[in-house]
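Quick notes on the structure that follows.
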Amino acid sequence: MTNIRKTHPLAKIINSSFIDLPTPSNISAWWNFGSLLGVCLILHILTGLFLAMHYTADTTTAFSSVAHICRDVNYGWVIRYMHANGASMFFICLFMHVGRGLYYGSYLFSETWNIGIILLLTIMATAFMGYVLPWGQMSFWGATVITNLLSAIPYIGTDLVEWIWGGFSVDKATLTRFFAFHFILPFIILALAMVHLLFLHETGSNNPSGISSNSDKIPFHPYYTIKDILGVLLLLLALVTLVLFSPDLLGDPDNYTPANPVSTPLHIKPEWYFLFAYAILRSIPNKLGGVLALIFSILILAIIPLLHTSKQRGMMFRPLSQCLFWLLAADLLTLTWIGGQPVEHPLVIIGQLASILYFTILLVLMPIAGIIENNLSKW
């Protein structure tokens, strides 16, 4: 009798995706982040569902309802902080996952890579709208500043901003629609993640060596299920530690002040995971130029496959490209630091230099390094 997991229409899909999936035998811990992102997403959908049961999307009661969740709902504070800090974990895993893709040349699976970019943009939009919901000072002013960037679009900009706001300022209509979108988008992300996996399983996983692993595949279960469970336990350990010991470490104190349209906070800044893009935005004095740089800082990922000049897929045996990759990582950390600082003399120029370096590494230096390494290999 054939095993039911290989014949049942539903079980067959799960079996071919998570049990009998032929997987390269040499993939490292850098390949764990895909499953960790799945865990983060499920955790978010569950905690978000329970938060939505108690939250009210109204400007007069939103702030109070979040306080009520933390004070009066059984373990509401755990749910709220798991959701908020879970977002930080989500973005750490995302950056690691994208970084792994860049390092090992996974972007040459173009369909998987492009769906991944769409996923990244959707997750960023979802996180931004979620940050607006508690209706604190930083929620309100963050929403005002970021949505206002659309007014830089010629001709239709102002109309577009007012259409998104649902009025002439960020108000009740804005909050209500942001809540509606914040609720529905994670399910769209879940569907996109399935498409992401579908395209990945068409080609099979990449591996650290960058060469075909068809001659050496092992079943996903039990080898990588065990490995993924270890990753999940470490992720949850980090998240629970953060939630129980310093839940406000990554948040902004301004968000504990109810939103006040007539009082602007001293430094308006987004959550830490958007600071690198915010620094790039601020480093260009022109509004439209800044917005374009902000958008291109993410969309640049889409042209990475076109800029691949090396004969080798990954960077495992390419020391020059490795140096540039880690320089890029350091540059992104610098941008993250600058994004959280006030706009003052030495910091502005550091931000501008870091922004120029970011685009130069990706657009110019890495393709050149690939060509140099191709020629070096002939010696």
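Cβ coordinates come from backbone N, Cα and C, glycine included.
Taken from Swiss-Prot, the feature transmembrane segment covers 33-53, 77-98, 113-133, 178-198, 226-246, 288-308, 320-340, 347-367. The annotation heme b b562 binding site is assigned in Swiss-Prot to H83, H182 on the grounds of similarity to another entry. Marked as heme b b566 binding site by Swiss-Prot: H97, H196. The ubiquinone binding site annotation in Swiss-Prot covers H201 and is backed by similarity to another entry.
A map of Swiss-Prot features onto the structure.
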residue	record	contacts (Cβ under 8 Å, 6+ apart)
H83	heme b b562 binding site	H44, T47, G48, L51
H97	heme b b566 binding site	F33, G34, L37, G116
H182	heme b b562 binding site	G48, T126, M129, G130, L133
H196	heme b b566 binding site	T112, I115, G116, L119
H201	ubiquinone binding site	S16, S17, L21
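It is 226-246 that, among the stretches 226-246, 320-340, 347-367, forms the most Cβ pairs under 8 Å with the transmembrane segment (77-98). Of the ranges 178-198, 226-246, 288-308, 320-340, 347-367, the one with the most Cβ pairs under 8 Å to the transmembrane segment (113-133) is 178-198. Using a Cβ-Cβ cut-off under 8 Å and counting only residues 6 or more beyond its ends in the same chain, the transmembrane segment (320-340) has close neighbours at 95, 99, 102-103, 269-270, 272, 274-280, 282, 310, 347, 350-351, 354-355, 357-358, 361-362, 365-366, 369-370, 372-373. Within the chain carrying the transmembrane segment (288-308), a Cβ under 8 angstroms from the stretch's Cβ atoms is held by residues 98, 102, 105, 107-108, 110, 113-114, 117, 120-121, 124, 149-150, 152-154, 276-278, 280-282, 355, 358-359, 362-363, 366-367, 370, all 6 or more beyond its ends.
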